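Record features (TrEMBL):
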BINDING   96, 97, 196, 197, 198, 262  beta-D-galactose binding site
ACT_SITE  196  active site, proton donor
ACT_SITE  328  active site, proton acceptor
């Protein structure tokens with residue numbers, strides 16, 4: 001694409017540079033508006049290059065009835081205009097919150113963009129959810145799409161260049177898989193990617209998810225302060241409204257949690273298979289669809305769409321409070337400032353890896 005305008009021996013004029021910039025912007029706009037489809041005949045996913053975002057996921061129920069089970073928009077315009085509350089995207093360079101947008105690494109203090117009260121959230125003002133990812137590979141036999149993004153040194157205040165890859169695939173008829181990788185190229189840097197889909201297994205337009213049931217394989221959470229920053233404590237959930245070690249309806253105790261659930265669970269009790277541990281099991285109210293989530297991440301943010309209020313989405317559906325459930329597997333929030341949390345620092349030349357497996361059943 002860089003060769004669309006032929007060069008000549010004469011000096012470039014201001015109009016030449018303007019024309020070149022217009023072409024680059026046009027090409028970028030075309031890439032941003034690209035939505036790709038993954039399908040295996042049973043599950044169909046639509047994924048945008050903008051933010052590597054899942055915009056639609058069609059899944060059958062026990063009777064073969066199809067429904068789109070993720071919140072989102074019909075076009076990319078709301079995503080690109082910043083209207084989306086992180087629907088379906090990959091967030092980074094560091095998911096979740098960093099206290100006061102500051103951290104010190106190797107003796108250097110870094111200041112990040114502040115975009116959530118006094119904190120930096122999901123990578124800052126222009127995180128990985130608000131950029132165009134390149135499509136670097138597509139496979140049809142075992143359907144998959146690989147996106148790549150290069151994050152530059154200093155972007156949103158973070159140190160070092162980082163190359164990120166995300167591969168969505170359909171390894172079997174009922175499973176969506178996401179493999180995320182990131183390489184720190186020249187400086188140590190925190191990296192913590194998360195997939196921020198809002199799930200409603202009854203269908204994106206079916207109202208709230210308070211009648212959904214969930215089981216979480218985590219016996220502890222990282223409690224938070226008034227600014228939703230972890231205190232550093234690892235708190236047992238037994239005997240509290242946070243205890244989902246056995247299956248409960250989401251709405252049964254949500255009023256006992258001020259504001260609703262928006263907490264990181266320590267994934268410390270799930271069975272393992274193929275190097276991944278069981279993180280959560282989500283069921284819709286009629287038990288017609290079930291989602292089992294597996295991951296290799298140490299934590300999972302359980303978020304009940306507490307701040308979604310009157311967002312007009314696909315087909316004119318209006319998404320209200322608790323209209324979706326986010327299951328964001330991740331490193332612990334503010335881990336860069338909490339030495340007792342698992343480290344999220346990646347050294348130069350090292351590779352960060354994070355896998356999520358979404359298994360659907362009826």
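Residue 1 is the first one shown; counting continues down the chain.
Quick reminder: no glycine exception, Cβ is built from N, Cα and C everywhere.
All TrEMBL annotations are machine predictions without curation.
Features recorded in TrEMBL, as mapped to the structure shown.
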residue: 96; record: beta-D-galactose binding site; Cβ contacts under 8 Å, 6 or more apart: 121, 122, 192, 194, 264, 301, 328, 330, 333, 334
residue: 97; record: beta-D-galactose binding site; Cβ contacts under 8 Å, 6 or more apart: 116, 119, 120, 121, 227, 228, 229, 333, 334
residue: 196; record: beta-D-galactose binding site; Cβ contacts under 8 Å, 6 or more apart: 86, 87, 88, 89, 90, 91, 95, 122, 129, 326, 328
residue: 197; record: beta-D-galactose binding site; Cβ contacts under 8 Å, 6 or more apart: 54, 57, 70, 71, 87, 88, 326
residue: 198; record: beta-D-galactose binding site; Cβ contacts under 8 Å, 6 or more apart: 70, 71, 72, 87, 88, 305, 308, 319, 323, 324, 325, 326
residue: 262; record: beta-D-galactose binding site; Cβ contacts under 8 Å, 6 or more apart: 228, 301, 302, 303, 304, 306
Recorded beta-D-galactose site residues 96, 97, 196, 197, 198, 262, farthest C-alpha pair in Å: 18
Residue 328 (active site, proton acceptor) CB neighbourhood, other CB atoms within 10 A: 23
